[in-house]
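TrEMBL lists 12-33, 53-76, 88-107, 227-250 with the feature transmembrane segment. As annotated by TrEMBL, disulfide bond applies to CYS145-CYS178, CYS146-CYS162.
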Amino acid sequence: MVGKSEPRRGRDLCGVLLQFLGIAFLGIGLWAWNEKGVLSNISSITDLGGFDPVWLFVVVGGVMFILGFAGCIGALRENTFLLKFFSVFLGIIFFLELTAGVLAFVFKDWIKDQLYFFINNNIRAYRDDIDLQNLIDFTQEYWQCCGAFGADDWNLNIYFNCTDSNASRERCGVPFSCCTKDPAEDVINTQCGYDARQKPEVDQQIVIYTKGCVPQFEKWLQDNLTIVAGIFIGIALLQIFGICLAQNLVSDIEAVRATW
């Protein structure tokens with residue numbers, strides 16, 4: 001048996017925690033899909049025109065479960081294959097994160113265009129999925145923005161566009177999450193955005209946020225650059241630490257086995 005039981009207990013505990021979190025995320029994702037009827041009709045996964053936030057829970061949960069299982073069982077059973085798989089898989093994730101960070105810095109304009117396309121694509125599908133709708137509303141409320149680059153981006157949605165053929169009551173309006181907040185209001189007025197874009201631009205600024213979410217996100221990123229960088233560096237260090245621990249345990253196991 002390999003020595004250093006205390007570090008191993010720490011690795012086992014970390015693996016169990018990752019497994020538990022992975023199962024929790026997967027459970028939430030599968031429950032959400034079941035509520036939306038996706039599990040009874042798998043082909044409907046591709047029906048949504050925009051982004052389904054449930055994918056975040058499923059993908060993150062799956063990755064965490066795989067890492068937790070490989071790390072925990074590998075350390076518990078002294079299985080070098082699982083430990084090496086854990087190390088390599090974590091290394092691939094770290095490499096992908098590093099590559100994404102470099103590409104995002106080098107191709108900032110391209111990333112901005114893709115973000116603009118992503119937001120507008122989801123604006124079109126705003127009413128198609130309640131989870132997507134809640135995500136957009138949260139984003140617009142948090143960053144005090146409306147649309148990708150402005151409130152007129154909501155013309156892309158069939159319910160909010162300003163065409164004469166649009167019979168919707170929400171015509172030339174915006175979602176309530178675009179409305180400026182009155183601190184005195186305890187109950188959200190979900191109709192506050194009705195006809196907002198029919199008003200002159202000066203009057204619009206009183207009723208709704210007129211700045212787009214892309215420039216607001218850029219401003220938020222600049223204002224919180226130190227915190228964001230610190231979080232990413234912390235995650236990277238944890239990943240490197242995990243890789244080193246796994247490789248160290250593999251070396252210990254192989255060293256003991258060599259004496260048999």
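Heads up, the Cβ atoms here are built off N, Cα and C, so glycines get one too.
Because TrEMBL annotations are produced automatically, they should be read as predictions rather than curated entries.
Shown here: features listed in TrEMBL, placed on the structure.
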residue : record         : Cβ within 10 Å
CYS145  : disulfide bond : 26
CYS146  : disulfide bond : 28
CYS162  : disulfide bond : 13
CYS178  : disulfide bond : 27
| Separation of alpha carbons, CYS162 (disulfide bond) and CYS145 (disulfide bond) (Å) | 20
| request: Using C-alpha atoms only, work out the spacing between CYS178 (disulfide bond) and CYS146 (disulfide bond) and round it to an integer in Å. | output: 5
